[in-house]
Amino acid sequence: MRYPLAEVKRFEINGYAQGTTYKVTYYAADSIVTQQQTDSLLAAVDRSVSLYSPTSLITKFNHSAKGIIIDKTFMVLIKKAQEINRATGGLVDITVKPLVAAWGFGAKKVTEFPDSAKVREILKHVGPDKIWLSGNFLHKKDPQVQIDLNGIAQGYTADLLAELLEKHGIKNYVTEIGGELRIRGHKPDGEPFKIGIEAIDDNDINPSPLLKIIAPGDRAVTTSGNYRKHLQANGRQISHIIDPKTGYPTQKDIISVTVVAKDGITADGFDNGFVTMGLRQTLDFLSKNGNLAAYIIYKKANGAVADTATANFKTLEVK
């Protein structure tokens, strides 16, 4: 359906939240949704699950001895994280926070990486059995259990921004936070919203060329990878994605994976898990889960970079 061009205007809201930028673009007759409303929503999310806030619920949980009462946002994320943990055989685990910190990807920088004894000690406090819900109370098995929802929260935040727009009757929009996107509808002339996927390039000064352009329709698009966020140690890159089974940074062949799903919380929840799985296991998983589409950039055994995509991802590509 096309809309009379004179009646519809493009509105854009930009801001900062969750340690990154966000952008909301929508088409409507008037500026129905304002910066104040989006900032208010994002502040509420931060009060719930921001690791950067010393007063957030997640910080209180991490510092608690036995757990705390949590709010709706926190609970939705916990339940989805538990669902994805089961689906990936434990390769997505929010209790990995102490390992993330030990490897230098937490709030505090480290001067040395943990040895095998330290990793084994931390692993005693990592695992899906270390937390559980009773009503709105999130329990922890021992005081050293800590959780990190950063791997799923931005995708869900894109969903919440979309929900805000839809509550005000807006049906054509793109919400984006930290590169995670939720899309619905199209531009006033009927043109679909298009999303570009960059080529892999460690040089952040010059923009990378676009490898793929897709028109995802009413879906979410998220990306995870080792190519931007990493540390150097003894001449090799240390990934920020930690394998919760081994306690060590992932060293699999996937460099980057872009996931397309019905909503941001689902896409964002799975993308890190695919990096941990590696190419073969990820492609096998995707072949059995047709509700997810993916584009994967990976490194071959000889060091060459290659890419592949699921059949349902290829149908979204703009020629």
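Cβ coordinates come from backbone N, Cα and C, glycine included.
Just so you know, TrEMBL annotations are computer predictions that nobody has curated.
For reference, TrEMBL has these:
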type	residues	note
BINDING	Gly151, Asp268	Mg(2+) binding site
* binding-site residues: Gly151, Asp268 - member with fewest neighbouring CB atoms within 10 Å -> Gly151
* Asked: Does DSSP put Asp268 (Mg(2+) binding site) in a helix, in a strand, or in coil?
  -> helix
